[in-house]
Amino acid sequence: MPGASTDPLHSLSRLDLAHRSTVIVAVSGGSDSTALLLLTKEFLDRNAPATRLVAVTVDHRLREGSAAEAAAVARLAARHGIAHRTLCWNEAKPASGIAAAARMARYELLAQAARAEGTDVVLTGHTADDQAETVLMRAARGDGDRLERGLAGMAKATLFDGSVWVVRPLLGYRREALRNFLLARDVTWIEDPTNANETYERPRLRAALGRAGGDDRHADALRTAREAASRRERLGGEAAELITVHADLAAPGLVRLSREFVGGGGSDGALYALRILLASVGGTPHLPDEARCAQLLDRLNREWPLAAAKPLCATLSRVAVEARRDGLFLRRELRDLPQPVLPQDGMLWDGRFRLRVTGETEGLSVAPLGPEAAEIAELYGADVAASLVRAGLSTLPCLWRGQECLSLLRRRTVRQGIAAVPVAAPFARFLPSFDLAAARAIMHLLRAALPPDPPLKRH
Ligand SMILES: Nc1ncnc2c1ncn2[C@@H]1O[C@H](COP(=O)(O)OP(=O)(O)OP(=O)(O)O)[C@@H](O)[C@H]1O
């Protein structure tokens, strides 16, 4: 992230939008996203006049007046010759955790809008002020792991659901500069009353940063974010290297790590790589507990030499771990596998596969292969113990008609118009650009679909 700059007109020049036929800007009607919309319009008019600009407002239907706010954004867009859509969050609202649910619904609706417009880019108006607040809140909570990846704050770009890049071109710019930009053009914006409600953590922090000494705290927070982001990228690069060199898919559903991987177990990169591997094999979106993974690596380092006689086994984060003479094997544990489900397009299965459904599904279900794995185990992993191959296979999604097993669902073998595409669970929903190297390595290992390049120019 650049240091806070004063001329927001430069903000878009770092984006690679030339090959996109359409770009979406997410506009709440607040100062930041309104400024972003007008900046993007100016930028595209000058540099990529063939690219269509679409403003999208999400009406969360949480406050009286939200529809009128969306209509005000629509009028502003029309005045500037910009297409505008309003999308409503119509689902039932949860009783608690409303802010997080609203945020998730907003991402989903924005991604839907992007797909409908045939683009993979949505720009949002997050600023340097938002970034400083995010980092200070995370630091105060002390969440994140020992390596403090969370202190990197928001990434310049985050891939949502594997398909839409949410890009934040204004992260290096102060809100005040954006407001001055709007005032100079006589453009007004909407003040969201929740932004001033100091019963919430963010507005409280925002008010504190506005008082004496706030600028220094702001600058410190941005420095912390920059440093944490480069540490996080370095760590991800190390993990990617370890996964690429020392991990392979010994058989479907069975990841094998070499002894050298564990031998380097003292490094932060190995610990991070192991956590990514465990989360991906187990199908959990969050990385498993850092301390427990460090203990496992430590134990493997100390005891593996003895494992020649008897495998060393452990389970962690839905993964069965087995150290044998010929490698460390990871597979989804057999407990708590999904019950049979009716396949639906886009459904995430056990956090490990995305189902693709194009055909008729009546009478069909998707469930783990289970004991039927014994029938086909000999087809795979000739250099691995048959029991491991069977165990790995038995956790994979299979197409059933009643009690009859029709076929193992694979990425390409589309049976009855149904396929199961592997996903890397920790990066399936949100993939921040800091983690791209590590994500690509694990996706490559699992034969998952690789992420599209982010629309950022390389320096
Ligand atoms: N209701 C919404 N509709 C469309 N986009 C939104 C909406 N709410 C937030 N966003 C996008 O997410 C960004 C960050 O959201 P945040 O809640 O921090 O901003 P805000 O205070 O609502 O408005 P602004 O950032 O425009 O001042 C916004 O700049 C905007 O791009």
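Placed from the backbone N, Cα and C atoms, the Cβ positions cover glycine too.
Please treat TrEMBL annotations as automatic predictions, because they have not gone through curation.
Feature list (source: TrEMBL):
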BINDING   S28, G29, G30, S31, D32, S33  ATP binding site
DOMAIN    23-207  domain 'tRNA(Ile)-lysidine/2-thiocytidine synthase N-terminal'
Tertiary neighbours of G30 (ATP binding site) (same chain, Cβ under 8 Å, six or more apart): G125, W189, I190, E191, D192, N195
When you average the Cβ positions of S28, G29, G30, S31, D32, S33 for the ATP site, which other residues in that chain have a Cβ within 8 Å of that mean position? V27, T34, A35, L36, G125, W189, I190, D192
Select the most exposed residue of S28, S33, where exposure means the fewest other Cβ atoms within 10 Å, treating these as the binding-site residues. S28
Across the domain 'tRNA(Ile)-lysidine/2-thiocytidine synthase N-terminal' (23-207), the model's average pLDDT, rounded to a whole number, is 92
